[in-house]
């Protein structure tokens, strides 16, 4: 009995010692974790002026985007005043898409090498120059001058269109990054919305060419003055990046850039060999291409059924874009809260298909109220997808620069936009609006099918940010 008692006491003592050792190891691990968390907290910080940077970017993006369909939103007046065909007016918006594809690569290279500040200054400067140049195109034989101004302003979008995800990543932490990106994307849509609304109001459908010239002059000055003022604000107040990164993901990216510089060609090669990213790029390109085609041809599509509906066509375009602005912000918040990138992508895309089919039949049956409703519905999902795609791309390609992944997305979108605007324009002239809308609906359905093959498991930026929490 004594031997058993001694053995039990020995076992109890060993268990106590083991328990003490486990507690000591847990305590040591907790201290290490606390120390690591403290080190991260000391190295990462968000700054209040991040909202100023976002505001300046939003203004530059909106003012640049206003020019995109400035002529197309009053296509009937422009065609009569300058005595040009619809294809010339369509090209005044398509030039934005055409110049993007060859220029996006040097532009993103410059952005990565010189930073956000230099890119912003160049972009706003080019927008200001193009805006003032339009005043030289007021004579009826000077449409080519206006087209050249569109070329300059379209080239300036290289330094704004791909920036929302990059700016959000540099200035905002993981709990706000998708929302900040959404606000940046919606600012571009705000500019487009204003371009649907303002030109049809300012440039009246008149037979008096002197009146049209005066209206165009007022419209051009209205854009040139605020863009010039913005250039001054950007020069004095916009910063390339915060003194400290806002998140562990950005901290890791900075350390990686310092440790070993990655060449631009290597970044591009990595992107185009990422299967999920390539699929996302295709689905995004088809979505954006359809949006560009609708926006460019909306005036012509609508006037087939409502010959005196220039103002209403602009208002429908405005409804489309306002829906998209709300969608961008809402889906950005959804991503910040849920991080369900693939599920959100499929939901938004599928509802966009529903919206485009509804819009097609509403226009064919000349049901004006339903045209407004389906236009807003379509915009909420189809345009709202832009934010989802930017953020999904950043997740799939982390730690590669967001501006490069966004730039390639936009390059595909711009290229397909040119193809779809030209193709849809030809079908519209030859067959009418219903076959045109069916074509664009089919393209969007194809984009949805491609989206099903994108994996949502490799969320690398999210994984890096979770280490911080």
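Cβ atoms are placed via backbone N, Cα and C, with glycine included.
Annotations in TrEMBL come from automatic prediction, not curation.
According to TrEMBL, the protein has these features:
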type: TRANSMEM; residues: 51-71; note: transmembrane segment
type: DOMAIN; residues: 53-459; note: domain 'Major facilitator superfamily (MFS) profile'
type: TRANSMEM; residues: 91-111; note: transmembrane segment
type: TRANSMEM; residues: 118-137; note: transmembrane segment
type: TRANSMEM; residues: 143-165; note: transmembrane segment
type: TRANSMEM; residues: 177-198; note: transmembrane segment
type: TRANSMEM; residues: 218-238; note: transmembrane segment
type: TRANSMEM; residues: 277-295; note: transmembrane segment
type: TRANSMEM; residues: 315-334; note: transmembrane segment
type: TRANSMEM; residues: 346-363; note: transmembrane segment
type: TRANSMEM; residues: 369-388; note: transmembrane segment
type: TRANSMEM; residues: 408-428; note: transmembrane segment
type: TRANSMEM; residues: 434-454; note: transmembrane segment
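In this chain, the transmembrane segment (218-238) lies apart from the transmembrane segment (434-454): fewer than three C-beta pairs between them fall below 8 angstroms, excluding pairs fewer than 6 positions apart.
143-165 is the stretch from 143-165, 177-198, 315-334 with the greatest number of Cβ pairs below 8 Å to the transmembrane segment (118-137). When each of 51-71, 91-111, 143-165, 315-334, 434-454 is checked for Cβ pairs under 8 Å to the transmembrane segment (346-363), 434-454 comes out on top. Only residues 6 or more beyond the boundaries of the transmembrane segment (315-334), in the same chain, are considered here, and those with a CB under 8 A from a CB of the stretch are 69, 73, 178-183, 185-186, 189-190, 192-193, 196-197, 294-295, 298-299, 302, 340, 344, 348, 371-372, 375-388, 391. For the transmembrane segment (369-388), the most Cβ-contacting stretch among 91-111, 143-165, 277-295, 408-428, 434-454 is 277-295 (pairs under 8 Å). Scored by C-beta pairs under 8 angstroms, the transmembrane segment (51-71) has its highest count with 91-111, from the stretches 91-111, 408-428, 434-454. Panel annotation: around the transmembrane segment (277-295), residues 68-69, 72, 93, 97, 192, 196, 271, 301, 317, 320, 345, 349, 352, 356, 382-383, 385-386, 389, 392-393, 396-397, 405, 408-410, 412-417, 419-421, 424, 440, 443-444, 446-448, 450-451, 453-454 of the same chain, lying at least six beyond its termini, place a Cβ under 8 Å from a Cβ of the stretch.
Outside the transmembrane segment (91-111), and at least 6 residues removed from its termini, the chain residues within Cβ reach (under 8 Å) are 68-72, 78, 118-119, 122, 146-147, 150-151, 153-155, 157-159, 161-163, 166, 264, 268, 292, 295-296, 401, 403-404, 407-408, 410-411, 413-415, 417-418, 421-422. Sequence-distant contacts of the transmembrane segment (434-454) (same chain, at least 6 residues past either end, Cβ-Cβ under 8 Å): 276, 279-280, 282-287, 289-290, 293-294, 297, 301, 342, 345-346, 349-350, 352-353, 356-357, 359-360, 363-364, 382, 392, 420, 423-424, 427-428.
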